[in-house]
Each structure stands twice: as C-alpha cells, then as structure tokens.
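Participant: Below you'll find the structure I mean.
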Amino acid sequence: MQSIKCVVVGDGAVGKTCLLICYTTNAFPKEYIPTVFDNYSAQSAVDGRTVNLNLWDTAGQEEYDRLRTLSYPQTNVFVICFSIASPPSYENVRHKWHPEVCHHCPDVPILLVGTKKDLRAQPDTLRRLKEQGQAPITPQQGQALAKQIHAVRYLECSALQQDGVKEVFAEAVRAVLNPTPIKRGRSCILL
C-alpha cells in the first residue's frame, strides 16, 4: 500500500491539531494544548485507491521555526492552514508559510485550507474583528491567495462541526496520486 506523507503547517492556534484529531478520531478536542510535533496515521480510500496517510502536525509558534523544518524532508503534500477568523494568520501564509515550504520543498504540492469556517458568521467573532477594524476572510480571498501561491486547491472546513474535514485529506491524497504540474511563477528567459 502506498504511503503519503502530509505535513500540516500554519500559525499557532489556527486549528491544525483539531483538524487532524477530528479527521483521525471523529472527535473534537476539548482543550487547546500547543503542539511541538505530533504524528497521526490513517488509511484513506480515495477514488478507489487505499493509501496509508501519515499526517504530521507541526508547531506554528516562532520559537519552533528551526525545529519544525526538520519534519519537511520526504513530504508528499503540504496543507497550509489559516483561520478564517484571523486575518493575521491569512497574511502569514503569504509572508511566512508559503516561502518556508517552497524554500525547503519547492516541488511539493500545496493545499490551502481556511479553518474555523463556523466562526465566519459567529456574532462574538464578528464583533471582536470589527473592534480591530477587521473582518473574517471570505471564500474569494482564500481562492485569490491559493491562486497567488499556486496551491492545488483552496478548501474551507470546520473541525468543530465536522464540515469539510474529510474533503481536505481526500484532496491532499488526490494531489499526490493525480499530480498537476506546479507553476511557481518563475520563468527563465535566455537572450
């Protein structure tokens, strides 16, 4: 059976661990415990093919920047996460996560995932963001960023509501089993 290594990255507290625990156990964790490194494994059947999906949960906090990249070798697909309710985590995809992943693994496919989709219409979240002069990230903003970083797909999910979680990892498997050429936006012109 083919094994696929999927590394999940993104800012601290965007919901990476909840996404992985929800996918592997169908349960939502009750408390937030910052991750240093964790591994999960699941058999996944996608388009009639069964694979062993090795899921790597990484620390988003800056103090783990040097340690985190040790998990990158032999990665088959990256899932870069941001919270729909956190515009700074969205901006960090462009400024931190995409550059880091591309530096270490330039030819590995990327999925961009907006987490905590359930908070987009939640009154307390909307009020908090409005007080900061911000708003939740829209699906259109997610699609635009995915295009900008040449992600294979943009998906949204809510681990709390078990909405879109299975689709994230099905698409991660598809990105490996059915690769599309990765366009990085760089071209070489010889004169």
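Even glycines carry a Cβ here, placed using N, Cα and C.
This is the feature table in Swiss-Prot:
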BINDING   10-17, 28-35, 57-61, 115-118  GTP binding site
MOTIF     32-40  motif 'Effector region'
CARBOHYD  T35  (Microbial infection) O-alpha-linked (GlcNAc) threonine
CARBOHYD  T35  (Microbial infection) O-linked (Glc) threonine
MOD_RES   N39  ADP-ribosylasparagine
MOD_RES   T138  phosphothreonine
MOD_RES   T180  phosphothreonine
MOD_RES   C188  cysteine methyl ester
LIPID     C188  S-geranylgeranyl cysteine
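On this model, are these features tucked inside or out on the surface, and what's nearby?
Facilitator: D118 (GTP binding site) carries a helical DSSP state (H, G or I). Note on D118 (GTP binding site): other Cβ atoms within 10 Å of its Cβ, all shown chains, come to 17.
In this model, the motif 'Effector region' (32-40) carries an average pLDDT of 74.
Under the DSSP three-state reduction, N39 (ADP-ribosylasparagine) is assigned to strand. The Cβ of N39 (ADP-ribosylasparagine) lies under 8 Å from the Cβ of N54, L55, W56, D57, each of which sits 6+ residues away along the same chain.
Taken residue by residue with DSSP, T138 (phosphothreonine) is part of neither helix nor strand, so it is coil. Within the same chain, no residue at least 6 positions away from T138 (phosphothreonine) has a Cβ under 8 Å from its Cβ.
Applying an 8 A CB threshold to same-chain residues 6+ apart, the list for T180 (phosphothreonine) reads P109, V152. In this structure, T180 (phosphothreonine) belongs to neither helix nor strand by DSSP; it is coil.
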Participant: Please name the residue among the binding-site residues F28, Y32 whose C-beta has the most neighbouring C-beta atoms within 10 angstroms.
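Facilitator: Of the binding-site residues F28, Y32, the most buried by Cβ count within 10 Å is F28.
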Participant: Using DSSP and three states only, what is F28 (GTP binding site)?
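Facilitator: DSSP call for F28 (GTP binding site): coil, neither helix nor strand.
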Participant: Tell me the coarse DSSP state (helix, strand, coil) of G10 (GTP binding site).
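Facilitator: Its secondary structure by DSSP: strand.
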Participant: Return one of helix, strand or coil for Q61 (GTP binding site), based on DSSP.
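Facilitator: SS state of Q61 (GTP binding site) = coil.
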Participant: Which residues, sitting 6 or more apart from G10 (GTP binding site) on the same chain, put a CB under 8 Å from its CB?
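Facilitator: K16, G60, I80, C81, F82, S89, N92, V93, W97, T115 - these are the non-local Cβ neighbours of G10 (GTP binding site), listed in sequence order.
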